[in-house]
Every structure is written in structure tokens, then in C-alpha cells.
Amino acid sequence: MAARLKSQEEYATLIDKYDTFLFDCDGVLWNGDAVVDGVIDVLRMLREKNKSVIFVTNNASKSRVDYKGKFDKMGVQATEEEIFGSAYASAVYISTVLRLPPTSKVYVIGMPGLEHELDTEGIAHIGGSDPADNTLEPFKLSTFVKDEKVSVVLCGLDLHINYTKYCKAFQYLRAGATFLATNVDSTYPVDGGLLPGSGALTYVLAKAMGVEPLSIGKPGKTMMDCIKAKHSFDPARTLMVGDRLDTDILFGKNGGVSTLLVMTGVTTEAVLESTTIVPDYVIDSLGDLRVLI
Ligand SMILES: O=C(O)[C@H](O)[C@H](O)COP(=O)(O)O
Ligand SMILES: [Mg+2]
């Protein structure tokens with residue numbers, strides 16, 4: 001049974017128990033561009049207590065550099081090395097696990113942030129923000145010329161998704177391309193509510209192909225491997241803070257760290273009541289810890 005923390009004393013005991021804090025972003029720090037009340041002060045407090053702070057997001061629409069810019073704008077202290085996104089993890093997976101031949105290419109459904117992370121790993125890619133793919137013109141299969149170098153289809157959150165992108169990705173998958181997803185979150189929490197998430201977008205191809213993609217993001221192992229490659233931490237004194245049970249909390253459990261669920265994102269009280277993925281702790285909002293300042 002999760003411990004529901006409410007008192008200042010319980011918050012203080014929690015903070016003292018851990019040295020490293022892994023923070024999910026969407027639904028924990030912010031919803032879209034709306035920062036959760038009190039979060040900036042809490043992150044500052046943790047830094048002042050010499051806690052390690054690492055950000056771990058499944059949102060593949062931004063690169064680490066993009067997120068660094070978002071943190072800077074918010075006035076939150078963060079270095080690029082403390083930021084891990086599923087775009088970065090997917091690029092690392094392709095370069096270190098798939099180890100594509102140098103001439104191979106990736107067909108991308110996703111935003112420039114994902115393309116940028118592929119660039120940093122030296123992975124050739126097409127699709128994505130290419131104007132030829134960002135069209136509402138009807139797709140004509142009879143005139144479509146496949147790029148024979150494409151051996152991977154990588155699908156991530158794409159706020160400009162369209163039928164042409166799905167048709168091209170589908171042709172590459174039918175030709176045998178490896179099917180990867182940056183993450184399979186069902187919904188995307190933004191200011192005012194929920195939007196279809198990356199998992200919902202990827203489902204269109206999974207349904208058409210009759211196969212599931214390999215998902216790289218939380219709760220998968222690759223994200224934790226990427227973090228461990230850059231940071232050493234004691235799992236016994238590490239806390240994963242997230243808003244989604246089947247990604248963040250499961251990611252923490254898979255990684256052998258403690259887990260704290262916040263109720264400012266996608267998880268409702270009703271879902272929490274019936275879940276089989278039980279966090280160690282639950283608080284209403286990360287911002288509630290500001291009473292410790
Ligand atoms: O990809 C998605 O559907 C969303 O970006 C999702 O919200 C993941 O963001 P996170 O909560 O992991 O920061
Ligand atoms: Mg989240």
C-alpha cells in the first residue's frame with residue numbers, strides 16, 4: 001500500500017532519506033507550459049540541500065538542448081548532463097544497440113528535437129520536419145519512391161502528425177524496417193487537460209501492421225542505462241518522482257529505486273485506488289514540499 005504523505009514532518013523525512021531525485025517532467029514539473037505551483041522553489045531547495053537532481057522525460061518532442069532552454073527560461077538550475085529524454089535514449093539505442101551500417105537511415109515521425117538527437121549520434125534520417133512529409137495533400141502510393149536505405153522507423157510525439165507520414169512509415173515497415181517508438185504514453189498532459197500521447201500516435205502503425213513497436217522510453221531499461229552511463233548513484237538512496245504509473249513508477253521499480261507518485265498529471269485517485277503498480281509514496285503535488293523552505 002502506498003504511503004500518502006501530507007504533513008511537513010513526513011515531507012522532511014522523505015527528503016532526508018534520499019540523495020538523488022529523478023524527476024519526470026510532463027505532469028510533475030509542468031503541464032505544457034504551465035509550471036506546477038511551488039515546483040521551482042522545491043527544486044532550488046533540493047539543490048541547496050546538495051541533493052542530485054536528474055530529469056527523465058518520455059517527451060520526445062524536445063532535445064536535451066531544448067529542455068535546457070526551457071529550464072533556463074523557467075529559472076530552474078539544470079545542466080544538459082542532468083537531462084534525459086526518450087529522444088536522446090532512442091538515438092543512443094540506435095547507435096549503440098542496433099549499430100546500423102553507416103549508409104542506413106531512419107524514417108522519423110516526430111519533431112525537430114528528435115531529429116537533433118539523431119544528429120548528435122550521427123544517425124542519418126528522413127521524414128520528421130521535411131516539408132515534403134508535412135503536407136495535407138493526399139498520399140499517392142503509385143508515385144511514392146521508397147528510400148532503400150531506410151531500415152528503421154522511429155515514431156515519437158509529433159504535434160504535426162498527418163496521413164502522409166503514416167503512409168510512408170507504413171511502407172517502410174511493410175518492407176521490413178525495424179519498428180521503434182520513443183515511448184508509448186497513452187496521453188500527453190498539457191495546461192487544461194490531456195491530449196493523445198505518443199503511444200496513441202504509434203498505435204495507428206501498430207494496428208495497421210499488427211505488431212507492437214519496441215518502446216525505448218520509460219519504463220524501459222535504456223533510459224536507466226543512459227542515466228547510469230553519466231551519473232553514479234546509490235539506488236537505496238534514490239527516488240523516482242512521476243505522474244504516470246505504467247511509465248514513471250514502473251521505471252523506478254525496474255531500476256530498483258524508491259518511487260513517489262504525484263497527482264498533478266495523468267493519474268487520478270480512481271486509477272490509484274485500483275492499480276497493481278503501487279508507488280512507495282504518494283503526494284498531491286511536488287510543489288507541496290515547499291513548506292520545508
Ligand atoms: O510522449 C508523450 O505522450 C508525452 O510527452 C508524455 O507526457 C511523456 O512525458 P513525461 O511525462 O515522461 O515527461
Ligand atoms: Mg509525466
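Using the three backbone atoms N, Cα and C, a Cβ is placed for every residue, glycine included.
Those TrEMBL annotations? Automatic predictions, nothing curated.
Just one of Asp234, Asp243, Asp246, Asp280 is listed by TrEMBL for the same Mg(2+) site as Asp24, Asp26, and that one is Asp243.
Of the recorded residues, Asp24 (active site, nucleophile) and Asp243 (Mg(2+) binding site) place their C-alpha atoms 7 Å from one another.
Those residues of the chain, other than Asp24, Asp26, Asp243, with a C-beta within 8 angstroms of the mean position of the Mg(2+) site C-beta atoms are Cys25, Gly27, Val28, Leu29, Thr57, Pro189, Gly242, Arg244, Asp248, Val262, Gly265, Val266.
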